[in-house]
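A.B. asks: Below: one structure in structure tokens.
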Amino acid sequence: MEQFYWVRRRWRQLISGRGLYSAPASQPTKSSPELHNTERLPGKRRTVVARHGSHQHEYHNISKGYHGNRIRTTKYSLLTFIPMNLFQQFHRTANLYFLFLVMLNWVPVVEAFQKEITMIPLVVVLIVIAIKDALEDYRRYRFDQKINNNIASVYSGKHQTYVDQHWQEVRVGDFVRLSCNEIIPADMLLLYSSDPHGVCYIETANLDGETNLKQREVVRDLPQQCSELTPENFHGRIECENPNNDLSRFRGYVEHPSKVRVGLHNNNLLLRSCTVRNTETVIGIVVYAGHETKAMMNNSGPRYKRSKLERRLNVDVLWSVVLLVIMCLTTAIGHGLWLSNLKEAPFLITDSVSPALAGFYLFWTMIIVLQVLIPISLYVSVEVVKLGQIFFIQNDKDFYNENLDSRIQCRALNITEDLGQIQYLFSDKTGTLTENKMVFRRCTIAGVEYPHEENARRLEVYEQEDEAMGRSQTLKSRTSAKSLSCKSLSCNRSSLSLQTLTGYPEEEQEPPSPTLHQQSPFSSPMEKHVAPDRLLVQKLNCLSSPLFLLRDASMELTYIVDFFMALAICNTVVVSSPNQPRHVKVPEVSPTKLKSLDEIKMLFQRFGLPRFSALSPPHNTGSPRSFTRKYFTRRKATSFRSGELGSAGEPGADELIYEAESPDEAALVHAARAYGCTLRGRSVEHLLVELPGMGSLAVRLLHILPFDSTRKRMSVVVRHPLTNQVVVYTKGADSVIMDLAESPKSAERSDSMQGHIRKQTQKHLDDYAREGLRTLCIAKKVLEEEEYEVWLKHQVFAETSIENREELLMESALRLETNITLLGATGIVDRLQEEVPETIEALQKAGVKVWVLTGDKQETAINIACACRLLRSTDHLLTANCGSKGMCETLLLDLRKEVERREAERGDATDVTSGFAMVVDGCTLDFALQDDLKDNFLELSQHCRAVICCRSTPLQKSQVVRLVRDKLRVMTLAIGDGANDVSMIQVADVGVGISGQEGMQAVMSSDFAISRFKHLRKLLLVHGHWCYSRLANMILYFFYKNVMYVNLLFWYQFFCGFSGNVMTNSWVLIFFNLLFTSAPPLLYGILDKDVSADTLMKLPELYKSGQNSKAYLPSTFWLTMLDALYQSLVCFFIPYFALNGSDADLLSFGSPINASALLIILLHQVIESHSLTWLHAVVLVGSALFYFSFTLVFSMVCVTCSPPSNPLGVDKLQMSEMHFYGVCALTTVLALIPRLLFHALHNTISPSNTLKAAMMDQFNPEDYCKRMQRWNQTQAQTNVKSLITVEHSDIMIPNCDFRLPEELKEFGTPSSPVLS
């Protein structure tokens, strides 16, 4: 009934319009009621009112069409299973085809067999698939029951209190009360939080895999803002958008009885499956329930794609149909001609059917007889084989990550063979090639560079320890925290809501103790502990010296203090304490000993320039001492000493836990703390920051402008605790901040100083990039009160808007972040994952072209590419940095001509793509992806062995993958670890997600999920090669055995007047492919191994056979068909000539033909198999014994099983004579000799690389090593011819032999081509 209401509601929405509200004519202030009255919610929307309250009378009319909270991921019920399952199975063309044959056999004039017999193949296939579907659906049903029976505290109007109810009983409009660590049962609007600031924190690990906390806010301007919400007193009406799957967006408004409307946004919404943290009690009203929640609408379950091999299979099935039609036409025409030449024959029954009509009837009869030619069981067999392949991939111990306690996930169940055909690999850099463990390395402040040499030595020590312990040890502390967090979630079974559709059950685990310490992400010892720079420490110690006068402080010291202030507060980090895990540290002001307030203000006023002359806002009233009391109490000042380096990050009694949304944020906060600038607490409106020599300061937080991929920066607006000025602190990409940083034009001295700082900072940024460091620029801006008030009106209007809220917020942020003052920059190291260079080198040897698509700057990307061996010392580097479309077009043409000229000079080279690598920046890539430049860009990239796209956006990443995939028609693989990689992962033929440090968005969108980049090597080179070769050979074998056996029936038509008769009983005919020869191909497709895993890993060149589809070419298919044709001729005519002239009847003639065909088909697989085990022997011998046992028993007990023929005693008599075995043996040998000879000659004259490698596996270890060395030497000599020597290059990249061209120094002219 619920589904009926939902359908009816949706229909009414489609046929009825909704009125829209008019937009506001002006920009009112935050407190203006007109703002809320004039907003509108565009498009379709839903109305939500409280289930128990003043709107109770209209509740049922409004919400009767809304979903309940009961979820159901099952497809069937007991009543609907049979009809729905049959309906879905008959969506397959093959099943419809065989249903047509079954119905056709019921027509008397074309009947070929008994009506029941023709139904057997179809019924068996339908039953097998139905059983599989039933088991899967029953597993989903059990998961659904666990989720639906979870308990939540829901307000009851009858009892006037909160009572425990099952999740499935929750409805839209219900009030739900949750406590800390409880799971949110439905999407709820947050109306109350026990936090005095009206916030709560949620953990979204069940939703996106991120374990860091997210802050949510209570709806503003509620009447009961300070006391616990009473549901009866809530009289508001909620208007919000219809259910959708956008996790980052929610729009609507609450209309109060006074007609005042309060805008709603994403921070007011608590999403189903998330966990409440750090808050004792929250209360919300349900707006989306059940399948209308965002979590459920984002659950797509396993991904299904059509593989390249499957598309080829469909083409060959069509060729089989064509072959079937030709054979049936031949028989029909032959039958008509035969009848025409035998008029008035005594053995013919006279009827009125003309030869032409008889031929027409026979055509359909032969369709039934030769039905085996269309392999209905092939599709089922392919599914079974792929499931077997996935089982072995998932249970490969080499893919197991002990630190993360994770293994590979195969989310796409039907593209395993595509792993063996990849030609282009598109990879993200950060978190994919690198660890994504950001560690503060060095910084530059006010144009002065601080190298942090002791910090560099500290990192070397950590790296040595990691190498001794497997190089992944640093993940353990973070992993344990995540594991514990997951345990606490599974005790409430909320995480099952995400696992339901994927079909992977989550094991029930005991919840940990609530006081157990859990470590936050991005907080391993290497990431937390920073060794400060001695010179920088000495400068900061001036603040703590009792002899130092702040009035004598230099401008540089002001920059330093503001720099570390920005590092500490320009973030969304949540501060926790270890003794109360995952509870927010409430800002508390500690005693502090300060110099006079006037002196402290003087320090920050020195940074103020003439245009920021208003340093004492009128809002600051009272004496300096009262002002000091307002923010501080007394505390002993802190200072640094040389012997205490790194102590700030060491764990101790005052340990804090930082929970950051990204590793960059965590690294900067830990770095600031190492210098005594410690973030000690956070609330909605205040930050508690400790500064050296100043103690704890309560900083009023006015606004947070979060990071987004368009602005590439984030900002916080605060009121400075000392000067009471409004200050904007900004951090972001250097390419953006450097453009926004402008010197004040009213002061010549400042102009000169800012110009010097920008110049020196840019130089240091280039140096950092050459070292492979990630760079971020830090800046600030001081606002006058009038300027802030004007901006505030726009910001409040944007925050409270309902329509176009995101666009208005973007415009407001862009308006604020201009003319900022550059403070400095940071360099953060993100080291490579283990075995990344070896993996990329192996993939390139395998013929895979590797592209790196990253958002980092050009020098950083080049350095990382060199370190991971994507670039070689002999490569020519082509750089494309253009400022206009015309320049881009000219540059691409010039580069292509130069490349072609150089290739012509070395025309004898075997690998023309070995000497060039291209680097493209984001602006140039944007031009190159336009329609009129796409071809030029692609043609140039085809001459390059590697391409690096820098400063690329998520959209550009997906556009590049789509361009290469569609234009070049190649198999593509995209791999990434973050949300910015989702688009390219979904576009590629094969998407691989890495379960790294940035959540599970990439994993949830991928086809395969791995924990380390190095696993890609074995996944492609070993399992990809095996899956493709196994499946390709199995499909060819299926076609072969079907065509071979069907041809036997076809040849017999020439000796029976094309009458449609067969020389065997119908039971054996039907069971031959269905039972007797069905098991060996499955084993062949799952276990066959042409080369060992070790050899495939050591010889990546063997992967090229799959790229070129050598195992399944059109020529291979037709050669297999010819071989099947020859074997059918031998199998039919040897028994024919052996029994010619004897008194053998029809079934006696067919008995040796069937037996010989079975032996030929089984031994044919033995010849084609590359590895034989005891399982192969059991299955092959068992199939043969099953056939002979069945036919023997059938001939002994069956009298009327196959009318009109009588098989009684036929096979028993045949098997008792030696003549039968002689004919079978001779037929089998003559049929298989050509294939044996062909293999022997081909493998002797022109052996494939795969065969050579397989032969190496058979040698003893010493001979194997010698032959492997000889192989590698031969390959190296072949590749040396194609290399190009780089001349006149003198810029050395650290940690690599790669030398950059001289021209690469000059990035001042980005449009100039670089071709060394």
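Every residue, even glycine, has its Cβ placed from backbone N, Cα and C.
These came from TrEMBL, pasted as-is:
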type	residues	note
REGION	21-40	region 'Disordered'
COMPBIAS	24-35	compositional bias 'Polar residues'
TRANSMEM	94-113	transmembrane segment
TRANSMEM	119-135	transmembrane segment
TRANSMEM	313-338	transmembrane segment
TRANSMEM	358-380	transmembrane segment
BINDING	D428, T430, D977, D981	Mg(2+) binding site
ACT_SITE	D428	active site, 4-aspartylphosphate intermediate
BINDING	D428, K429, T430, E665, F707, K731, R774, T854, G855, D856, R951, K957, N980, D981	ATP binding site
REGION	503-527	region 'Disordered'
TRANSMEM	557-575	transmembrane segment
DOMAIN	1003-1247	domain 'P-type ATPase C-terminal'
TRANSMEM	1034-1055	transmembrane segment
TRANSMEM	1067-1087	transmembrane segment
TRANSMEM	1117-1139	transmembrane segment
TRANSMEM	1146-1167	transmembrane segment
TRANSMEM	1173-1199	transmembrane segment
TRANSMEM	1220-1241	transmembrane segment
A.B. asks: If I take the alpha carbons of D981 (Mg(2+) binding site) and F707 (ATP binding site), what is the distance between them in whole Å?
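C.D. replies: One finds 17 Å between the Cα atoms of these residues.
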A.B. asks: Select the closest residue to R774 (ATP binding site) from the following binding-site residues, measuring between CA atoms: D428, T430, D977.
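C.D. replies: When the Cα distances are compared, T430 comes out closest.
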A.B. asks: Limited to the domain 'P-type ATPase C-terminal' (1003-1247), I'd like the whole-number average of pLDDT.
C.D. replies: 88
A.B. asks: Round to a whole number and give the Cα-to-Cα distance in Å for the pair R951 (ATP binding site) and D977 (Mg(2+) binding site).
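C.D. replies: Taking the Cα atoms only, R951 (ATP binding site) lies 17 Å from D977 (Mg(2+) binding site).
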A.B. asks: What same-chain residues, at least 6 away in sequence, bring their CB to under 8 Å of the CB of T430 (Mg(2+) binding site)?
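C.D. replies: Result: N436, R774, D830, T854, G855, D856, D977, G978.
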A.B. asks: Whole-number answer please: how many Å between the C-alpha atoms of F707 (ATP binding site) and D428 (Mg(2+) binding site)?
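C.D. replies: With the alpha carbons as reference points, the distance is 20 Å.
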A.B. asks: If you pair up every Cα among D428, K429, T430, E665, F707, K731, R774, T854, G855, D856, R951, K957, N980, D981, the residues annotated as binding ATP, what's the maximum separation in angstrom, rounded to an integer?
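C.D. replies: The ATP-binding residues span at most 24 Å between Cα atoms.
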A.B. asks: Pick from R774, R951: which of these binding-site residues has the biggest number of other Cβ atoms within 10 Å of its Cβ?
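C.D. replies: Within the set of binding-site residues, the most crowded position is R774.
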A.B. asks: With pairs fewer than 6 apart in sequence excluded, do the transmembrane segment (94-113) and the transmembrane segment (119-135) have three or more C-beta pairs that lie under 8 Å?
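C.D. replies: Counting Cβ pairs under 8 Å, at least 3, so yes.
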A.B. asks: Can you find at least 3 Cβ pairs under 8 Å between the transmembrane segment (1117-1139) and the transmembrane segment (1034-1055), where each pair is 6 or more residues apart in sequence?
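C.D. replies: Contact between the transmembrane segment (1117-1139) and the transmembrane segment (1034-1055): present.
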A.B. asks: Quick one: Cα separation, N980 (ATP binding site) versus D428 (Mg(2+) binding site), in Å?
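C.D. replies: Counting only the Cα atoms, the answer is 9 Å.
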A.B. asks: Take a look at 313-338, 358-380, 1067-1087, 1173-1199 and tell me which one has the most Cβ pairs under 8 Å to the transmembrane segment (94-113).
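C.D. replies: Between the stretches 313-338, 358-380, 1067-1087, 1173-1199, 358-380 has the largest tally.
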A.B. asks: I'd like the number of other C-beta atoms within 10 A of the C-beta of D428 (Mg(2+) binding site), please.
C.D. replies: 29
A.B. asks: Which sequence positions outside the transmembrane segment (1173-1199), separated from its termini by at least 6 residues, show Cβ-Cβ distances below 8 Å to it?
C.D. replies: 1065, 1067-1068, 1071, 1075-1077, 1079-1080, 1083, 1087, 1151, 1154-1155, 1158-1159, 1162, 1165-1166, 1206-1212, 1215
A.B. asks: Give residue numbers and ranges for long-range contacts of the transmembrane segment (1067-1087): same chain, 6 or more residues beyond its ends, CB-CB under 8 A.
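C.D. replies: Here the qualifying positions are 113, 117-118, 120-121, 124, 372, 375, 377, 381-382, 384-385, 388-389, 392, 1030-1031, 1033-1034, 1037-1038, 1041-1042, 1045, 1049, 1154, 1157-1158, 1161-1162, 1165, 1168-1169, 1171, 1173, 1175-1176, 1179-1180, 1182-1183, 1186-1187, 1190-1191, 1194, 1201-1202.
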A.B. asks: Quick one: give me the count of other CB atoms within 10 A of the CB of N980 (ATP binding site).
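C.D. replies: Looking across every protein chain shown, the total is 21.
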A.B. asks: Validating a neighbour-count step here. Other CB atoms within 10 A of the CB of F707 (ATP binding site): how many?
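C.D. replies: The answer is 20.
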A.B. asks: Across all chains shown, how many C-beta atoms besides its own are within 10 angstroms of the C-beta of D981 (Mg(2+) binding site)?
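C.D. replies: There are 31 such Cβ atoms around D981 (Mg(2+) binding site).
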